[in-house]
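Student: Pasting a structure below so you can have a look.
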Amino acid sequence: MIKHLGLKAYGKINLGLDVLRKRDDGYHEVRMIMQTVGLYDRIDIIYRDEPGIEVETNLYYLPNNENNLVYKAADLLLKEFQIPHGVHIKLKKFIPVAAGMAGGSSDAAAVLFGVNKMFGLGLTMEGLMKRGVRIGADVPYCVMRGTALAEGIGEVLTPLPPMPQCQVLIAKPGISVSTKFVYDNLHANDLRPEQHPDIDGMIEAIKNRDVQLLASRFGNVLETVTIKEYPVIEKIKDVMKEYGAAGAMMSGSGPTVFGLFTSPRAAQEAHEVLRYGQYQHLAKQVYLTNFYNNKA
Ligand code: ATP
C-alpha cells in the first residue's frame, strides 16, 4: 500500500486557439493547440485510514473545500470505487491562478492519477480522461499532456508530434481575467472568416518541426477581447518580440502571455528585463521554462 505520493502538475499554454461557435447549450466549440510546459504545481497525496478528504494549499485565497478541483478529483474516484479510506492533499501552487494555464485542471488530473495509483484502482489513462471531463473540459488533456489538438469543448484530443525544444517565457500581469467574461464578449457566432486563426497551418508547422513558421501563424481568437480590456498584454508581447522571441501570444483567455525563443540567451535577456529590469512593472509573475513532452 502506497502511503504517500509526491506529484507534479504541469501547466499548459495554447499555441493556437480558435472558437468555432457557441452551441445552444451555452458551451463553445473550440479548436486549440495545447502544449505542456515545465512550470508545475507540487501535490502531495497522503493516505488516511479514515474516510474524508482534507485539502491544504499555500495560497490563502484558494478554496480548501469541495470547490477545489483537487478535492473534486479525489472525491470522484473515492466515491465511485467506494474506498473506505481518505486522503490528505497538500497543494503548492506555482502555476499562475486564473491565468489561462489550466492550473486547476492540471492539479485535478494529477490527483486522479495519484488516487488511482495509491488505491490500486487499475484505471488506464483513457479511464482517467473519461472521468476527468466531469471535472472540467481541460482535465482530459492534462491527464494526457504533451502537444495535442483539442476539439469539441476541449475534450476531443488528437496527439501531435512533439516540437523541437524551445525556451518559453511566461509573464502574467497583475490582473485577473474571468474566462466567462471573455467568452461572453467574443460573440463567437458573429466572427468573420478572417478573424479565425489558421489552426491547420499551425498543425502543419508543428508536423514540420518549424518553430519560426509556427510562430508566424500564431493566433488566439480570444486575444482581441482580453487585450481591449487590458492593453498591457500587447505591451508584454511587444517586449518579448523586441528581445528576440520567434513569436509571443496570450494563452487561453489570458492574461498570461508567453514567448517562444529558439535562442536561450535571448530568452534569458527577455526574462531579466521583464522580471527585474526596465519592464518589470508590466508583469507580476515571470518564469522562464520550456516545453514538457515527457509522458512519464
Ligand atoms: P484555464 O486555463 O482552464 O482557463 P485558468 O488558468 O483560467 O484555467 P485556474 O487557475 O485553473 O484557471 O482556476 C481558476 C479558478 O478556479 C480560481 O479562481 C480558483 O478559485 C478555482 N480553483 C479551484 N481549484 C483550484 C486549483 N487547484 N488551482 C487553482 N484554482 C483553483
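Here the Cβ of each residue, glycine as well, is placed from N, Cα and C on the backbone.
Heads up, here are the entries from TrEMBL:
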{"type": "ACT_SITE", "residues": "K12", "note": "active site"}
{"type": "DOMAIN", "residues": "68-146", "note": "domain 'GHMP kinase N-terminal'"}
{"type": "BINDING", "residues": "P96, V97, A98, A99, G100, M101, A102, G103, G104, S105, S106", "note": "ATP binding site"}
{"type": "ACT_SITE", "residues": "D138", "note": "active site"}
{"type": "DOMAIN", "residues": "202-274", "note": "domain 'GHMP kinase C-terminal'"}
Student: Enumerate same-chain residues with a sequence separation of six or more from K12 (active site) and a Cβ-Cβ distance below 8 A; give 'none' if the list is empty.
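Tutor: Once residues fewer than 6 apart are set aside, K12 (active site) is near M34, Q35, T36, V37, M101, A102, S106, D138, Y141, C142, S251.
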Student: For a quick check of packing: other C-beta atoms within 10 Å of the C-beta of S106 (ATP binding site), how many?
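Tutor: Around S106 (ATP binding site), other Cβ atoms within 10 Å: 28.
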Student: Give the sequence-ordered set of same-chain residues, not counting P96, V97, A98, A99, G100, M101, A102, G103, G104, S105, S106, with Cβ within 8 Å of the centre of the Cβ atoms defining the ATP site.
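Tutor: After dropping the recorded site residues, what remains is G11, I95, G252.
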Student: Would you mind checking how many other C-beta atoms are within 10 angstroms of the C-beta on D138 (active site)?
Tutor: 26
Student: 10 Å Cβ neighbour count around P96 (ATP binding site)?
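Tutor: There are 23 of them.
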Student: When neighbour density is defined as the number of other C-beta atoms within 10 angstroms of a residue's C-beta, which of the binding-site residues A98, A102 has the lowest density?
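Tutor: So among A98, A102, the binding-site residues given, the one with the fewest Cβ atoms within 10 Å is A98.
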